[in-house]
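Going by Swiss-Prot, these are the annotated features:
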BINDING   489, 492, 508, 511  Zn(2+) binding site
BINDING   518  Mg(2+) binding site
REGION    1-59  region 'Recognition domain (REC1-N)'
REGION    60-105  region 'Recognition domain (REC2)'
REGION    106-159  region 'Recognition domain (REC1-C)'
REGION    160-257  region 'Wedge domain (WED)'
REGION    258-270  region 'Linker'
REGION    271-481  region 'RuvC-I'
REGION    482-516  region 'Target nucleic-acid binding (TNB)'
REGION    517-536  region 'RuvC-II'
C-alpha cells in the first residue's frame with residue numbers, strides 16, 4: 001500500500017422504496033435503451049470474435065501452420081481425449097499468441113474499438129443517459145469474459161437504472177448533487193426504532209436522462225432504515241422486479257469507506273465450511289462447519305422452512321390444476337357455443353387447447369370483460385371465477401416465495417456473522433456453484449429431489465454470506481481444492497467406504513468407525529489449510 005494511503009473497501013446498502021411519483025415513461029424508455037444497447041454489444045462482440053478468429057486462421061495459414069481450431073478438429077476426429085491439454089493443441093495456442101502483435105490484427109482491433117465507440121455514440125444520440133450506458137458496458141465487459149454470451153430479453157417488470165460516480169462523491173454532498181439528490185436524515189433518528197420508523201422516509205430525486213442539457217428528474221420515496229456511513233459514494237441504482245401483479249422497488253447505494261481495522265486474533269483459529277445439500281432428520285442441511293477449536297455444527301433449514309417452500313410448490317400445482325380445468329371447460333363451450341362467436345373471439349381462441357400460460361387466459365378475460373358476447377354467461381362466468389381465484393393464489397405464491405428467500409438469506413447472514421466474530425479465517429471449497437446449477441438444469445443424472453433441495457438450500461447464497469461476513473471484518477478467506485474431501489478419512493487419510501450420494505455416514509475400515517461425510521469434508525479442508533499454512 002502506498003505511503004499515506006488508507007485501506008478502503010466498498011459496501012452496498014439496499015433500501016426499500018415506492019414506485020416513482022412521476023416519469024415512469026422515462027424510466028421504461030431508459031430501461032428499453034439499456035436492453036437494446038446490451039444486445040447490440042453482444043451482437044457486435046459475436047461478429048468481431050468471428051472476424052478475429054478468421055484473421056488469425058488466415059495468418060496461421062500464410063505461415064504454413066495449423067490454427068488451434070484446426071488442430072482441435074483434427075485431434076477430435078482422431079478420437080483423442082483431453083484435447084485442450086494435448087501438446088499439439090497447446091503448441092498451436094502458443095503459436096497463435098505470437099500472432100497477437102501482427103500489424104493486421106492490431107489494425108482490426110483498432111477498427112473494432114472504433115465500432116464500439118460509434119455504437120455508444122449512436123445510443124447516446126437516442127437518449128441513453130451516460131451513467132446508464134457506462135453501467136451496461138460494465139455488465140457487458142464482465143459477461144464477455146465467458147465464452148458464451150447471451151442476449152437479454154426486455155421486460156418492463158424487471159430492470160435497473162444507475163448513476164455512477166467514477167470519481168466518487170462525498171456522502172455529505174449526496175443531497176445536492178446534479179445526478180442524485182438523496183436527503184440524509186439526522187443521525188439522531190436511528191437511536192430508537194419508533195423515531196426511525198417515523199422519519200426514515202425521504203424523497204430521492206433521481207436523474208433519468210438529460211433534455212437539452214437539463215436534468216430530467218423522477219422522485220422516488222425511499223425508506224432509509226439504517227444510517228449510511230460517511231465515505232465516498234460510488235453508485236446509486238434504482239431496481240424493480242415483479243412480485244405477482246405488482247412491482248417491488250429498491251434503491252441501492254454503494255459507498256467506499258475506510259477498511260476495517262486489522263482484527264485482533266480471537267484465539268480460536270480458522271473455521272472450515274463444507275457446502276452441500278441433503279435431506280436430514282429435522283430439515284434440509286446446507287453445509288457443515290468445523291473450527292480449529294474443535295467446535296462444529298450443521299447449517300440447516302428447519303422442517304418448518306421446508307414446509308413453507310413446499311407450500312410454494314403446492315400453490316403452483318393448484319394453479320395448474322385450475323388452469324387445466326378452465327381450459328377443458330372453455331374448449332368444450334367454444335366447440336358448441338349457444339350463439340355465433342364474434343370474429344375477434346373466434347380468432348383469439350382458435351389455439352386455446354394449446355395454451356399453457358395463465359397470462360394468455362388473463363389477457364382473454366380482460367378483453368372479454370370489455371367486449372361481452374351474447375349468451376356468454378356460462379363461459380364468461382368460468383373465466384371470471386378462474387381469474388379471481390388465480391390472482392389470489394398467484395399473489396399468495398409469489399409473496400410466500402419472496403418471503404422464504406429473504407428469510408433464508410437472513411438466517412445465513414446471522415450464522416455467517418456469528419462465525420466471523422468467533423474465528424480468524426474462513427476456509428471454503430473452491431468450485432463453481434453456478435456451473436453445478438447449470439449442469440443440473442441441463443439434464444444431469446441428479447435425481448429430481450436432490451435438484452429441488454439444491455434450489456431450496458441455495459449454497460451460493462450461503463457462501464456469499466460467509467465470504468462477505470469475513471471480508472467486512474478484515475479477515476482472510478481461503479479457497480481450497482475440494483477433491484476427495486468427502487471420500488478421504490480426515491483422521492487416517494484412508495478411503496471411506498459407502499455411496500456418498502445415498503449415505504450420510506461413510507465407514508473407515510482403518511479407523512473402524514463411521515463418519516458424517518459433511519463433517520469429514522470440513523475437517524479435511526481444515527487439515528489441508530493447516531498443511532498449506534505450515535509450508536509458508
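Heads up, the Cβ atoms here are built off N, Cα and C, so glycines get one too.
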Determine, to the nearest whole angstrom, how far the Cα atom of residue 489 (Zn(2+) binding site) is from the Cα atom of the residue listed as 'Mg(2+) binding site'.
11
Among 489, 511, all listed as binding-site residues, which has the most CB atoms within 10 Å of its CB?
489
Count the Cβ atoms, other than its own, that fall within 10 Å of the Cβ of residue 518 (Mg(2+) binding site), considering every protein chain shown.
28
Among all the protein chains here, how many other CB atoms are within 10 A of the CB of residue 508 (Zn(2+) binding site)?
21
Centre the Cβ atoms of 489, 492, 508, 511, go out 8 Å, and tell me which other residues of that chain have a Cβ in range of the Zn(2+) site.
490, 491, 493, 494, 496, 509, 510, 513, 515
Residue among binding-site residues 492, 508, 511 with Cα closest to the Cα of residue 518 (Mg(2+) binding site):
508
The region 'RuvC-II' (517-536) - residue tally per DSSP class, helix then strand then coil:
19 helix, 0 strand, 1 coil
What does DSSP give as the helix, strand and coil breakdown of the region 'Recognition domain (REC1-C)' (106-159)?
35 helix, 1 strand, 18 coil
